[in-house]
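Engineer: Heads up, here are the entries from Swiss-Prot:
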- L121, G125, H126, L127, E246, S355, P356, F357: (6S)-5,6,7,8-tetrahydrofolate binding site (BINDING)
- H229: site 'Plays an important role in substrate specificity' (SITE)
- K230: N6-(pyridoxal phosphate)lysine (MOD_RES)
Amino acid sequence: MIFDKDDFKAYDADLWNAIAKEEERQQNNIELIASENVVSKAVMAAQGSILTNKYAEGYPGRRYYGGTDVVDVVETLAIERAKEIFGAKFANVQPHSGSQANCAAYMSLIEPGDTVMGMDLASGGHLTHGAPVSFSGQTYNFVSYSVDPETELLDFDAILKQAQEVKPKLIVAGASAYSQIIDFSKFREIADAVGAKLMVDMAHIAGLVAAGLHPSPVPYAHITTTTTHKTLRGPRGGLILTNDEELAKKINSAIFPGIQGGPLXHVVAAKAVSFKEVLDPAFKEYAANVIKNSKAMADVFLQDPDFRIISGGTENHLFLVDVTKVVENGKVAQNLLDEVNITLNKNSIPYESLSPFKTSGIRIGAAAITARGFGEEESRKVAELIIKTLKNSENEAVLEEVRSAVKELTDAFLLYED
């Protein structure tokens, strides 16, 4: 809008070429990282807008700087749209990330040193749910709950028993690698039974919740956090929701001046655009297709005895696959697939025996390929290509066949139409 592509290329060819290479990579790769997606041109336009110039510490109507009338309109649009999407009374759209949203939620609910229960990383939790290397594990006394070792599903009886023993002040629900439906009402029952608050991190499933395809945590959680990317298809950022006015005040204070200064007004604008897209009926169709494509890929793996899907299948946008019968570990699988232009990540599985740098599994997500237009047929083909690659890792002729098949798919489904 202000600085066009030709100007950019002429001014900084090195940076322009790097960005162009990334655009080429995204166009020519099949993206299966579950936390990634493809945003609209409108989202990118908003994020690259002149709003990046404006500082606006505070909140709409209560800023510390002048000249904020326009950014007040922008932020209010984002807030009201977020509230409408999720049926929440209060929304804070300023968090720069999901991790910062979680940090602010903790600050609003508990004190340093308090006992908290969160899902352990290998069972599908997130670093900010109490991992020792995270601020969460270093600030609070986290006690991890796990999935059932046999079913690899959440065991609410076991979680209740554990909660009765450790008496947490807060229970954190939500996951970054759990492929089944989460019953948030049961988590609230457990929290109430032990006098704890409930916080839900729905970062991965927020788009499915928004589309009505996964139960919403908002009626049950004291605070709900999410990212605005992943299945929501917005810019990288965070969002906090609550129905409690007093908690809303604490959340606002925790974000600013607690852990952030001025909001990124251009990112808030991009969030507002993406929220408008979520409110469009077409988004529900997109989210439904994400689940269909995830199931289609999982079904291919379920038919091959050399692979094992954690928990036996998927009901959302992702699933985990134990690859150790075919290759040494998840890291090896990730690297092999990189060579044929299929991008995903190694991932720990429940009761993991390998280090987080190797892992027994890989995580596969359908959000980005669905955004490109892949359907169930293409998704099954992708799963077949993954299996073909991992089972023929030493056969360059087969790997070249896979590369050609990947190129056919990416050429047929462009990242962006010109």
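From the backbone N, Cα and C atoms, a Cβ is placed for every residue, glycine too.
It should be emphasised that the depicted structure is a prediction, and the values quoted were computed from it without experimental measurement.
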Engineer: Could you give the Cα-Cα distance between G125 ((6S)-5,6,7,8-tetrahydrofolate binding site) and the residue listed as 'N6-(pyridoxal phosphate)lysine', in whole Å?
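Structural biologist: Cα-Cα, rounded: 16 Å.
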Engineer: Would you count the other CB atoms within 10 A of the CB of G125 ((6S)-5,6,7,8-tetrahydrofolate binding site), including those on all shown protein chains?
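Structural biologist: The Cβ of G125 ((6S)-5,6,7,8-tetrahydrofolate binding site) has 26 Cβ neighbours within 10 Å.
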Engineer: Got a sec? Which of these recorded positions, H126, H229, K230, has the most Cβ atoms within 10 Å?
Structural biologist: K230
Engineer: Which residue, of the binding-site residues L121, L127, has its CB surrounded by the fewest other CB atoms within 10 A?
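Structural biologist: Fewest other Cβ atoms within 10 Å, among the binding-site residues L121, L127, is found for L127.
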Engineer: If you count Cβ atoms within 10 Å of each one, which of the binding-site residues S355, P356, F357 comes out on top?
Structural biologist: P356
Engineer: Where the record says L121, G125, H126, L127, E246, S355, P356, F357 bind (6S)-5,6,7,8-tetrahydrofolate, what is the longest distance in Å from one Cα to another among those residues?
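Structural biologist: Greatest Cα-Cα span of the listed binding residues: 42 Å.
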Engineer: Please state whether DSSP places L121 ((6S)-5,6,7,8-tetrahydrofolate binding site) in a helix, a strand or coil.
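Structural biologist: SS state of L121 ((6S)-5,6,7,8-tetrahydrofolate binding site) = helix.
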Engineer: Could you tell me the C-alpha distance between the residue listed as 'N6-(pyridoxal phosphate)lysine' and L121 ((6S)-5,6,7,8-tetrahydrofolate binding site) in angstrom, no decimals?
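Structural biologist: About 19 Å separates the two Cα atoms.
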